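Asker: Sharing a structure with you now.
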């Protein structure tokens, strides 16, 4: 029985409608929810940091990381790294605000997001957000795809490029060495000016708001990380004339990164309906073209 053009387009339209319905199906069931208990974290007060780098030394000591150095300008060798790496989990940088020209020291490390993009991007579930609030990584599961490095909005995960069987490295909030034993992070414990405060995230937010209220001329009223990318375990305070962007903390939206990527991914592959619908549509097109070519060949022979 020949397939008419009108009938084919009706079938194609119905198939397309089914695919669209699957694409727009809600992905709330698959999408991760923010934790009821955000766990522990740190408050980094950039108005207090003096750039002593004691936190860097403590981090290396606790995590048994080797010293690394960076070849500077003029061939001089500095013993302080300039970027995060597989052997540097935290870093203190001096940043200068472009508008005010004011220089500020700021500590950089994993943000321990409440809705981690690295965890969402990992195909083998190597990343885990622990009940403590720490985002950790399991080397036995990792397959080395480095999707976590691409997904992280803060460019935190680092790859061991020099190893034949490399690992991903980043700050773990001292989860295994200290946090599970009821001890604060090493960096917070050694800070001589209390620029790093360790505690439960809810308590850290209260401390941050109290500092802002008590010294409105000293602080910008915004607490970075309270809402950015769905909320982070590491929070920041800055001076009124020093923007968070100048500290290397971009003005991200308040929705977690996985909320966008997972809604698209889960919508497309929900119940595997859209891929099947696409193949069905392609099969219909092939059948239509074959039938048309067959009829055309019969006409030419006549």
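Every residue, even glycine, has its Cβ placed from backbone N, Cα and C.
Predicted automatically and left uncurated, TrEMBL annotations should be read as such.
Okay, so TrEMBL annotates it like this:
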{"type": "SIGNAL", "residues": "1-31", "note": "signal peptide"}
{"type": "DOMAIN", "residues": "40-70", "note": "domain '4Fe-4S ferredoxin-type'"}
{"type": "DOMAIN", "residues": "133-162", "note": "domain '4Fe-4S ferredoxin-type'"}
{"type": "TRANSMEM", "residues": "268-288", "note": "transmembrane segment"}
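Map the listed features onto the structure and describe their local environment.
Answerer: Along the domain '4Fe-4S ferredoxin-type' (40-70), the predicted structure has mean pLDDT 93.
Counting only same-chain residues 6+ beyond the ends of the domain '4Fe-4S ferredoxin-type' (133-162), those with a CB under 8 A from a CB of the stretch are 38-41, 84-86, 109-113, 116-127, 168-176, 179, 201, 229, 233, 250, 252, 257, 261.
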Asker: Go through the chain and flag residues at least 6 beyond the ends of the domain '4Fe-4S ferredoxin-type' (40-70) whose CB is under 8 A from any CB in it; none is fine as an answer.
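Answerer: Answer is 77-82, 85, 87-92, 94, 104-107, 112, 132-134, 171, 173-174, 177-179, 185-201, 204, 207-208, 211, 218-219, 232-239, 242, 247.
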